[in-house]
Amino acid sequence: GGYIANSLAIMTDALHMLTDLSGIILTLLALWLSAKSPTKRFTFGFHRLEVLSAIISVLLVYILMAFLLYEAVQRTIHMDYEINGDIMLITAAVGVAVNLIMGFLLNQSGHLHSHSHPHSHVPQSNSPNTAHSGSHGHSSLAVRAAFVHALGDLVQSIGVLVAAYIIRFKPEYKIADPICTYVFSILVVLTTVRILCDTGVIILEGVPRHLNVDRIKEDLMKIEDVYCIEDLNVWSLTAGKTTAIVHLQLVPGSSSKWEEVQSKARQLLLNTFGMYKCSVQLQSYKQETSKTCASCQSSSA
């Protein structure tokens, strides 16, 4: 329809939906693979494929956006094109209807995946129930990416429909066609920057935004017979699946209570802070000794 009408706005909508189709296929593939059991080579499973599919989907839209922006600039400068308003109007109306259906279906899928708001934060309390439910509030990045694409498509399709109406009855205002592409580009950046930030934190193994490492350390230190925290690492396998490794040192003379301490630490991490997996390492009290690195020894010699 966009080619016959010679409408860049319609072709933008069509190409974007084609890109979304590939993104949704990647999403389905990632969700299927992430549910598979871990292997000897991939001991954490395939959860990160969900993140990878979200990044690929967004990058495909960015590549497409750059190409269409170039075409829009050329049309704005030269203004040497004609548009069939009737075909553009009919095609744009069909596009709005399809995007309404797709957005509704993906939105329902998102609600089924997450039982609470996708941006909810884990409450800073010791209540296992509230913290655990908050951890499930972080819906799949892949589903979010697909829904954001559908939402962007719907907004763009409505803009294209308005532009088609203007061009159909006021052909002298055909500049509305490339303007739709400019507006679309702004919308893409605004709707995808959060997804890119979240996936970036996961890939760099950063602490999820809903967790506070200092608060975790404070609660771990409140456990009886814990002398200090040697090390604490918190990261995400994918959205909503946080992992932690903690190394605790026991107070002098409490080595026999290590099972009780380990059980309390695991309960705190899994229930209160909603960890997907955790590993608690314990050691008996050892007095700190001064350590001189090899480079210092060699320099002093």
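If you go along the chain as it appears here, the first residue is 1 and each next one adds 1.
Glycine residues also receive a Cβ, built from the backbone N, Cα and C atoms like all the rest.
Annotation comment: TrEMBL describes 1-204 as domain 'Cation efflux protein transmembrane'. Per TrEMBL, the feature transmembrane segment maps to 14-34, 54-73, 85-106, 146-167, 179-196. The region 'Disordered' annotation in TrEMBL covers 114-137. The compositional bias 'Low complexity' annotation in TrEMBL covers 121-137. Residues or ranges marked as domain 'Cation efflux protein cytoplasmic' in TrEMBL: 208-283.
Taking every recorded stretch in 85-106, 146-167, 179-196 and counting its Cβ pairs under 8 Å to the transmembrane segment (54-73), the highest total belongs to 179-196. For the domain 'Cation efflux protein cytoplasmic' (208-283), residue counts in helix, strand and coil come to 27 helix, 30 strand, 19 coil, using DSSP.
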